[in-house]
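Heads up: the structure comes next, in structure tokens.
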């Protein structure tokens, strides 16, 4: 069959060739656009903050635009960071002054009795934030927990206090031996320790606080 002086098969072949050429051009344009976006992305984001070179799991930006949705890492809530324990200087004032932060003593019952310091914190992996991912977080209390529970110690003191079990558990070994040898000071020492425990006068010897039961 002839259409306009050209066989139909010839026209169909030309149409298929034109369609194939168009697909090749489209794929070429898409690949060029993708490579251009991949090159431009590290330079500037839509939020107006520059990507640094680093691992993908610890993405961070340099803080520049205050209207950007990306906040400083130091402003992240506690659930998005992990912090080290406060540095224990064991009363060494010189070490405290050289480092600039840390705890000279731990423990305390009232807020005014507890020292507060800065601790080293870092943003969790996968959290995107601006500025260095490691920073100092302010106003952390100088308290630690070493497995001592008030209720357990009180029960030890009430039922086994005459044998010094309560003071052994709290680490007061010397006075615990004396309490054991005197059978709780004939009951007087046993009663005094009960009062001291209830009022907060008898605490763990390592300066730790009572563990909280939730």
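The backbone N, Cα and C atoms fix where each Cβ goes, glycine too.
Pulled from Swiss-Prot, these are the features on record:
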type: SIGNAL; residues: 1-35; note: signal peptide
type: TOPO_DOM; residues: 36-144; note: topological domain 'Extracellular'
type: CARBOHYD; residues: 37; note: N-linked glycosylation site
type: CARBOHYD; residues: 92; note: N-linked glycosylation site
type: TRANSMEM; residues: 145-165; note: transmembrane segment
type: DOMAIN; residues: 147-195; note: domain 'TM2'
type: TOPO_DOM; residues: 166-182; note: topological domain 'Cytoplasmic'
type: TRANSMEM; residues: 183-203; note: transmembrane segment
type: TOPO_DOM; residues: 204-214; note: topological domain 'Extracellular'
**Item:** Positions on the same chain near the topological domain 'Cytoplasmic' (166-182), where near means CB under 8 A and six or more residues out
**Value:** 148, 152-153, 156-157, 160, 189-190, 193, 197, 202-206
**Asked** Near residue 92 (N-linked glycosylation site), which residues of its own chain have a C-beta under 8 A away, given they sit six or more steps off in sequence?
**Response** 104
**Item:** Cβ contacts under 8 Å made by the topological domain 'Extracellular' (204-214) with residues that lie 6+ beyond its boundaries
**Value:** 105-108, 143-151, 170-172
**Message:** Just to be sure I understand, if DSSP states are collapsed into helix, strand and coil, how many residues of the topological domain 'Cytoplasmic' (166-182) fall in each?
**Reply:** 14 helix, 0 strand, 3 coil
**Residue distribution over DSSP helix, strand and coil in the topological domain 'Extracellular' (204-214)** = 0 helix, 1 strand, 10 coil
